[in-house]
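Heads up: the structure comes next, in structure tokens.
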Amino acid sequence: MTENGHQMQLSSNNPSATRRHKPSRGGWNAAIFVIFVEIAERFAFYGVSGNLIMYLTKDLHQATATAAKNVNMWIGVSSLFPLVGAVVADSYLGRFVTIIFSSSIYLMGMLLLCLSVSVIPRHYREAVFFVALYILAVGEGGHKPCVQTFAADQFDEDADEEKKAKSSFFNWWYLAIVVAATVATLVVIYIQDNVSWVVGFGILTVVVAAGLLLFLLGIKRYRRQAPLGSPFTAVAQVFVVAARKWRVKETPDWDVYCGDDERSGGSNMEVRKLKHRTLARTKQFRFLDKAMIIDNLDASSNVRNPWRLCSLKQVEDVKLVLRLIPIWLSCLMFNAVQSQLHTYYTKQGSTMIRSIGPHFQLPPASLGALVGLVILITVPMYDRIFVPIARKFTGHHSGITVLQRIGFGLFLSILNMVVSALVEAKRVSVAKQHGIIDNPKAVVPMRMWWLLPQYFFCGLSDTFTIVGLQELFYDQMPEAMRSFGAAAYLSIIGVGSFISSAVISVVQAISSKAGEEWLGDNLNRAHLDYFYWVLAGLSALSLCVYVLFAMSFVYKIVQGKDSAGETEASTRVGEA
């Protein structure tokens, strides 16, 4: 059910949140304009991040490990700022306005980035460059949690056709992002390496401006909703009320406040018919159920005090958030692995033979386009071939559950690190055989294509895990917190990048004390393969934890009247 559909309202809620949308608005006709602004932003992001480590090491002369940590830090901050942007969007500005403001900030950051590599004096260049990067991070903070959620909101889950369309939306959304990232990796990075950084960043700036313009052209097509107020107040109320009533005894005839002035009696976990679809009672986190018990003081009061009595919907919303926290934690290592794509994968490629024919040399960062190509091929295959076949066996509308999809991607990320470690060991052995192990600038006589398997697994794991996380944190979040859900999914990327930086620091510290630094500037002397084995081990441990939590996960259960309006129906969102 989208935020724009019917939903049960507490007596203290703003009734404007339930307004209907004109049938002429929404759907793919509106979502396509939102996709344009996301394509532009992703094109710019990958045009900057894909080759950032090369700019930091070659033009700003930073050490490889320092540059890798700086890249991870920037990506991490960019992925954590959306937590702030989500609160602003959901509580104050609304998603539409937040997208416009944040995209404008992003455009300002791109303009400053262009200036930092052109007219800014060299002794100020590094400082201005990093200021521009973190302005982009601020713009990302408002853009990322809102744009995907705003696009998904254009599909009404109460309409069968639009519900089916939204089921495929997340696949095609990610596909569009990948197209933008692939083109940026192939075209813009080549221009940065062979023409100039000014021209490369200038192209990205023009594309961001065009994307914002296209987004504004669709303004009359969008389904928009005013901000609902801070959802965290309702969350806090549940914990406060549950704590105040922790001594209240649960009896067979206890009364529960369901909202809309309706009460449900008994302990059979059934909720009386409500006027609109709502969340069904679940048995997890039963200690929170005390927040909706009607005691003598509540029964004698004519007006509900939200700090003494919460509705069933409030309580179940909090349970949804609590269920997602273990999944969030157990997926952090996935992005610690994926962050190698923008750091050590690129540095590995820079030491190998990259020529194609007598006159063309492939930029080391451009091999990252293979990740996009893998996703471009596998996402349509997944959506059009795998899902229909799997649906016949499982009966699930998506073929497999979203948690199964994520878990398989986590397994692939482990294989990714295993393959990466084996290839790196091979690269170092070739350097030893040719006596160039102490010459870091020498080209190792080994084709860059040896790196293709690790890029392939990187893209394939993205197809499963990233798209799955996007869908999970949209469907399973409370409707008033869906922007925050998108931000929570993005924060996995951010925290994963920080974990990667932390692992680099720990590995450097321990290996230096042992007398042989694993991650030195000379990759021929370093032991990057050992580092990959460490990440593989940590990822395997993380997968085991994920499986334990996924097995006990309870999907959102939506309950209400069927399409005919005569009988009550329950649907497990994301499971069946």
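Any Cβ shown, glycine's included, is placed from N, Cα and C.
According to TrEMBL, the feature compositional bias 'Polar residues' maps to 1-17. Annotation source TrEMBL lists region 'Disordered' at 1-24. Taken from TrEMBL, the feature transmembrane segment applies to 30-53, 74-93, 99-120, 172-191, 197-219, 361-382, 402-423, 486-510, 530-555.
Between the transmembrane segment (172-191) and the transmembrane segment (361-382) there are 3 or more Cβ pairs closer than 8 Å, counting only residues 6 or more apart in sequence, so the two stretches are in contact. 30-53 is the stretch from 30-53, 486-510, 530-555 with the greatest number of Cβ pairs below 8 Å to the transmembrane segment (99-120).
Under the criterion of 3 or more C-beta pairs below 8 Å, with sequence separation of 6 or more, the transmembrane segment (530-555) and the transmembrane segment (30-53) do not qualify as touching, having fewer than 3 such pairs.
Among residues of the same chain six or more beyond the transmembrane segment (30-53), those with a C-beta under 8 A of the stretch's C-beta atoms are 64, 67-68, 71, 74-75, 78, 99, 103, 106, 110, 113, 133, 136, 140, 143, 147-148, 150-152, 154-155, 169, 173, 176-177, 179-181, 183-185, 188-189, 192-193, 200-201, 203-205, 207-208, 210-212, 214-215, 217-218, 221-223, 342-343, 346-347, 363, 365, 368.
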